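**Student:** Quick one: structure below, then a few questions.
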Amino acid sequence: MISAWSVADVRAAEEPLLAAGVPLMDRAAFALATQVLADLRARRRSVRGSRVSVLAGAGNNGGDALFAGAVLARRGVAVRAVLTSDRVHDGGLAALRAAGGRVVDLAAAPERVRDVAAEVSRDDVVLDGLVGIGASGALRGRAAELVTALGEGPWVVAVDTPSGIGVDDGTVPGPVLAADRTVTFGAAKPGLLLPPAAHLVGDLTVVDIGLTLTGPPAVRRLEPSDVAGTWPVPGAEDHKYTRGVVGLVAGTATFPGAAVLAASAAVRTGAGMVRYRGPDAVARTVLAARPEVVTAPGRVQSWVIGPGVPPTADDADDGQLDRGRAGLAAARGELAGLSRGPVPAVVDAGGLSFVAESCPPWFVLTPHAGELRTVLRRHGEDVHRADVEAAPLTWARRAHELTGATILLKGAVTVVVGDGVTYAQADAPAWLSTAGAGDVLAGILGTMLAGRSAEVVEDPALAAEVAAGAAVVHGLAAERADPGGPVAALDVAEAVPGTVAELLASRGA
Ligand SMILES: NC(=O)C1=CN([C@@H]2O[C@H](COP(=O)(O)OP(=O)(O)OC[C@H]3O[C@@H](n4cnc5c(N)ncnc54)[C@H](OP(=O)(O)O)[C@@H]3O)[C@@H](O)[C@H]2O)[C@H](O)CC1
Ligand SMILES: [K+]
């Protein structure tokens, strides 16, 4: 698991060490320089004669970068510091000069921005030390002009954070120099894991400088080993009801495929059984594809409501909205007999149109940005899709507050917000943005929730962890289905068994 702490928590952890005179900046700068040397060797095979530009802002972020530049200069790298503010970290600048580094003061010569940008663009590496956790708002002034003028070319190493991202919320309020690598100190920060800023981070390297972060992380990222560690592997005493039965309300005569995709994914993720609820024509299609599915009503340990179901009640819904409402009532434990008490539910696509105003945390809503906008507007928020895409964390958290449900906001980075917990999962290859991928995710999640049904109802935060885990399995299965190439949603479902087997095998490794 990768854990990210807020700026305030990182500063609080730094405080006592700084007060005790612990040389945090030296540690940060040395680790940064070491990584840059490794990158230079990997990319040029030699360090001597390579050229590095250090973009230095006014604060300690610039200080880190300048001290690292001094280490590089002492190793024979031609280092140029580009100062973007009339203030600079004196110690770092002095160290860089003493080591033979050159200095270009853009603050004193703003007319040189374009020329300097052209020179920097020809370097081997650029260290982005313009601003770090002290950032407020969009990158401004000379720093913004320089970043905007920089072209492609150099290997960009962001110092602590790509300058100008929303460090706590992952927004990108203005120009940001996209990094090939981010070397962050002490702990990851939320903006390094959250979209859209996460797309500008490149390879993330977390450097231990001796900070101790005690409180709960602001954002977590599950890794495959975390999912493997909690997978409910059946034993001799298990049967389909202990494995977890999934109730599935999906598809219509117009969109039968969604039902096949969700059912296939649920079966292949290891459901004890899948009970399909829907029009006969669709049931026949589902059974033809997955004969393991049953259509008889009965006990379930989770519900999946909505894939391929239209958001509005009209003749095209084939009664699916009513079946969906019945499923959600059962999931709340309101229908005695059909299910013994409340069970988790996945509410996807058309199901989102009739999910009630307030939900239990064991309901997992799985909207994309446009569907989340609709849910938010239904709760009185005047928000557009573009707002949700610009600040996914903010709006997923708002939707959780308004509905009480766990929110899985689908995207290139999937954000999951539950009771007191947030995950940001970047497991999906871009190829997974294809028709039916959401239906497959819903089926995977339905089975994973069914397998831990009672626990999930018991622990309000657990639904979010399971949902984040489903995003991991979904992304890994897509990679396994067609590594590095186009992927069809049904192939993702087919690849789940092998994906899970590989996860479990890695536990023993
Ligand atoms: N404290 C330590 O010894 C260690 C710190 N680490 C590194 O330090 C930074 C945090 O340093 P800090 O000085 O608190 O802040 P920054 O350098 O990140 O930024 C503050 C300066 O940047 C200007 N600023 C703020 N927002 C913007 C913006 N949007 N555009 C341009 N410039 C901006 C701000 O200017 P003001 O006008 O607002 O004053 C400040 O001048 C941390 O990230 C680490 O890199 C070490 O990691 C550990 C030791
Ligand atoms: K930076």
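Note that Cβ sites are derived from N, Cα and C of the backbone, with glycine treated the same way.
So TrEMBL lists the following for this protein:
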BINDING   60-64, 132-138, D160, A258, G308, H368, D439  (6S)-NADPHX binding site
BINDING   N61, D128, S163  K(+) binding site
BINDING   K410, G411, A412, V413, T414, G438  AMP binding site
DOMAIN    5-217  domain 'YjeF N-terminal'
DOMAIN    223-503  domain 'YjeF C-terminal'
**Student:** Need this for a regression test: binding-site residues N61, D128, S163, V413, filtered to those with Cα within 10 Å of H368 ((6S)-NADPHX binding site). What's left?
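**Tutor:** Hits: none.
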**Student:** I need the CA-to-CA distance for N61 (K(+) binding site) versus A412 (AMP binding site), whole Å please.
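**Tutor:** Rounded to a whole number, the Cα-Cα distance is 29 Å.
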**Student:** Which of the binding-site residues N60, N61, H368, G438 have a Cβ less than 6 Å from any atom of ligand 1?
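**Tutor:** Only N60, N61 meet the Cβ criterion.
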**Student:** Note down the number of other Cβ atoms within 10 Å of the Cβ of A412 (AMP binding site), including every protein chain shown.
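**Tutor:** Counting Cβ neighbours of A412 (AMP binding site) within 10 Å gives 14.
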**Student:** Out of D128, S163, A412, T414, G438, the binding-site residues in the record, which is closest to S136 ((6S)-NADPHX binding site) when you go by Cα distance?
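**Tutor:** Nearest candidate: S163.
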**Student:** For the binding-site residues N60, D128, H368, K410, T414, G438, which residues place their CB under 6 A from an atom of ligand 2?
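**Tutor:** The ones that qualify, in sequence order, are D128.
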**Student:** Please compare the binding-site residues G63, G411, G438 by how many other CB atoms fall within 10 Å of each one's CB, and tell me which has the fewest.
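**Tutor:** The binding-site residues G63, G411, G438 were compared, and G411 has the fewest Cβ atoms within 10 Å.
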**Student:** Over the domain 'YjeF C-terminal' (223-503), work out the mean pLDDT and round it to an integer.
**Tutor:** 94
**Student:** Counting only other Cβ atoms and using a 10 Å cut-off, which of the binding-site residues N60, N61, S136, S163 scores lowest?
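**Tutor:** Across N60, N61, S136, S163, these binding-site residues, the one with fewest Cβ atoms within 10 Å is S136.
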**Student:** By CA distance, which of the binding-site residues (G411, V413, G438) lies nearest to N60 ((6S)-NADPHX binding site)?
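**Tutor:** Answer for the nearest of the binding-site residues: V413.
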**Student:** Suppose the AMP site is K410, G411, A412, V413, T414, G438. Which further residues of the same chain have a Cβ inside 8 angstroms of that site's Cβ centroid?
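**Tutor:** My list of surrounding residues reads P195, H368, L409, V415, A428, A471.
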**Student:** For S163 (K(+) binding site), name the DSSP secondary structure in the helix/strand/coil scheme.
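**Tutor:** SS state of S163 (K(+) binding site) = coil.
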**Student:** Let me know the DSSP-derived helix, strand or coil state of N60 ((6S)-NADPHX binding site), please.
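**Tutor:** Reduced to three states, the DSSP call for N60 ((6S)-NADPHX binding site) is helix.
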**Student:** Please report the Cα separation of V413 (AMP binding site) and S163 (K(+) binding site) in Å, rounded to an integer.
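**Tutor:** It is 20 Å, counting Cα to Cα.
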**Student:** Distance between G438 (AMP binding site) and S163 (K(+) binding site) at the Cα atoms, whole Å?
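**Tutor:** Distance (Cα to Cα, whole Å): 34 Å.
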**Student:** Does K410 (AMP binding site) have same-chain partners at least 6 apart in sequence with Cβ under 8 Å from its own Cβ, and which are they?
**Tutor:** T366, P367, H368, A369, G438, L441
